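Worksheet: one structure, shown below.
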Amino acid sequence: MAPPLKVCIVGSGNWGSVIGKIIGENAAENKMFDSTVYMWVFEELVNGRKLTEIINTEHENVKYLPGCKLPANVVAVPGLLDAARDADILVFVMPHQFIRETCDELKGQIKLSSIGVSLIKGIEVGSYGLKLISDVIRETLGIEVSVLMGANLANEVAAEKFCESTIGAANIEHGKILKELLQTRNFRLRVVEEADAVEICGALKNVVAMGAGFCDGLGYGDNTKAAVIRLGLMEMIAFVRLHCEGLVPDSIFLESCGVADLIATCYGGRNRKIAEVFAKTGKSIKQLEEEMLNGQKLQGPQTAIEINHTLKLQNLVNKFPLFTAVYQICYECKPVSEFVKCLQDHPEHK
Ligand SMILES: NC(=O)c1ccc[n+]([C@@H]2O[C@H](COP(=O)([O-])OP(=O)(O)OC[C@H]3O[C@@H](n4cnc5c(N)ncnc54)[C@H](O)[C@@H]3O)[C@@H](O)[C@H]2O)c1
Ligand SMILES: O=P(O)(O)OC[C@H](O)CO
């Protein structure tokens with residue numbers, strides 16, 4: 001029999017901790033996996049104690065997932081290399097702004113036979129244009145990387161309320177292993193091959209959710225929010241098709257990573273919540289993130305910058321008015337009260 005696969009979770013925020021709970025419980029039961037699961041924790045002090053020490057004694061991430069017990073076989077490790085060096089499966093789950101520095105530290109230090117999976121919703125952009133987070137991991141570490149994205153508000157998944165998610169795996173064998181590792185009765189997974197499309201959907205919906213939050217803050221109702229979701233979805237589909245090789249079937253957008261994640265985030269996500277208060281108070285996004293999220297990080301505003309940069313490089317800004325309005329409101333002092341204009345003048349109605 002093959003030796004059990006060792007798993008390392010690279011990240012331990014709100015979603016990372018929930019994934020720690022799921023993987024820890026599955027690994028304790030399933031002989032395919034080593035029952036000890038390492039979770040890399042970006043060390044910090046919480047009430048004068050190290051977060052790793054709290055997690056390993058109280059089995060709870062009191063800062064990022066308070067009130068949810070983690071299985072005792074999930075071991076918090078402060079050293080990135082100590083956590084990841086021997087892993088057969090590396091689960092990347094952290095705010096996307098930290099992935100490059102994390103991969104740089106791991107470069108040349110992990111098993112080249114290991115399987116990667118990214119749960120990170122975001123993209124990277126440079127003078128070359130758009131780069132997927134899975135590509136940053138793949139190119140830096142030299143391993144194959146699948147993705148998992150879906151309608152998965154972390155606190156609801158932690159409470160074991162039913163939901164679905166999508167694994168995007170070009171390597172179907174990897175997809176099967178990851179499904180075995182991550183699926184539970186209340187976290188049902190489907191595996192599809194179009195990993196790039198799955199990943200880009202996960203990044204883009206956070207920008208649309210900012211628009212939904214603006215409308216909530218401005219006092220618009222559910223009809224307007226439905227329009228934001230529909231027009232946002234149209235822009236997501238167009239953007240995905242522009243940036244994926246080959247045909248992307250409509251069915252991808254009907255998976256949990258598509259329309260379902262968009263709805264969940266536009267109603268219950270952190271991006272929506274902060275955008276609502278931004279519209280009501282005029283405080284900056286940065287200030288609200290600090291005041292309201294206790295160390296958790298928003299992905300939507302940063303992704304809006306990256307999308308806008310990509311669209312400018314391609315001279316396509318005007319084709320994506322909703323993405324563009326979110327960017328301009330967050331970063332170019334466009335009044336939030338003008339957000340609805342991007343819906344009224346949308347090319348979908350011409
Ligand atoms: N929270 C959710 O509901 C949810 C659900 C699905 C997907 N996601 C996605 O998962 C990813 C991770 O989200 P999360 O909720 O686990 O994170 P989070 O928003 O809770 O972020 C906080 C984490 O960032 C870490 N951090 C801070 N500075 C760091 C640094 N310099 N280097 C590395 N790590 C640092 C903190 O230690 C903490 O673990 C994101 O892309 C997010 O979009 C989140
Ligand atoms: O809280 P948000 O807005 O970062 O969204 C969380 C998840 O991505 C929802 O699936």
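Residue numbers in this text run from 1 along the chain shown.
Heads up, the Cβ atoms here are built off N, Cα and C, so glycines get one too.
Annotations in TrEMBL come from automatic prediction, not curation.
Keep in mind that this is a model prediction, so the values were computed, not measured.
The domain 'Glycerol-3-phosphate dehydrogenase NAD-dependent N-terminal' annotation in TrEMBL covers 6-173.
In this structure, R270 (substrate binding site) is part of a helix by DSSP. Same-chain residues at least 6 positions away in sequence with a Cβ under 8 Å from that of R270 (substrate binding site) are, in sequence order, L293, Q296, L298. As annotated by TrEMBL, NAD(+) binding site applies to G11, S12, G13, N14, W15, G16, F42, F98, A154, R270, K297, Q299.
For K121, R270, N271, the entry in TrEMBL reads substrate binding site. Under 8 Å, Cβ to Cβ, and six or more positions away along its own chain, N271 (substrate binding site) finds N206, A209, M210, G213, T265, L298, Q299, G300, P301.
According to TrEMBL, the domain 'Glycerol-3-phosphate dehydrogenase NAD-dependent C-terminal' annotation covers 197-340.
Under the heading active site, proton acceptor, TrEMBL lists K205. Counting Cβ atoms from all protein chains shown, K205 (active site, proton acceptor) has 32 others lying within 10 Å of its own Cβ. K205 (active site, proton acceptor) falls within a helix when secondary structure is assigned with DSSP.
Ligand 2 lies under 6 Å from the Cβ of R270, N271, out of the recorded positions G13, W15, K205, R270, N271. Ranking the binding-site residues W15, F42 by the number of CB atoms within 10 A of their own CB puts W15 at the top. With the fewest other Cβ atoms inside 10 Å of its Cβ, the least crowded of the binding-site residues K121, K297 in this structure is K297. Counting every protein chain shown, the number of other Cβ atoms lying within 10 Å of the Cβ of G11 (NAD(+) binding site) is 24. Taking K205, R270, N271 as the candidate recorded positions, the subset whose CB lies under 6 angstroms from any atom of ligand 1 is empty.
Compute the center of the Cβ atoms of K121, R270, N271, which mark the site for substrate; besides them, the chain residues with Cβ within 8 Å of that center are N206, A209, T265, G269, L298, Q299, G300.
Between the two most distant C-alpha atoms of the annotated substrate binders (K121, R270, N271) there are 13 Å.
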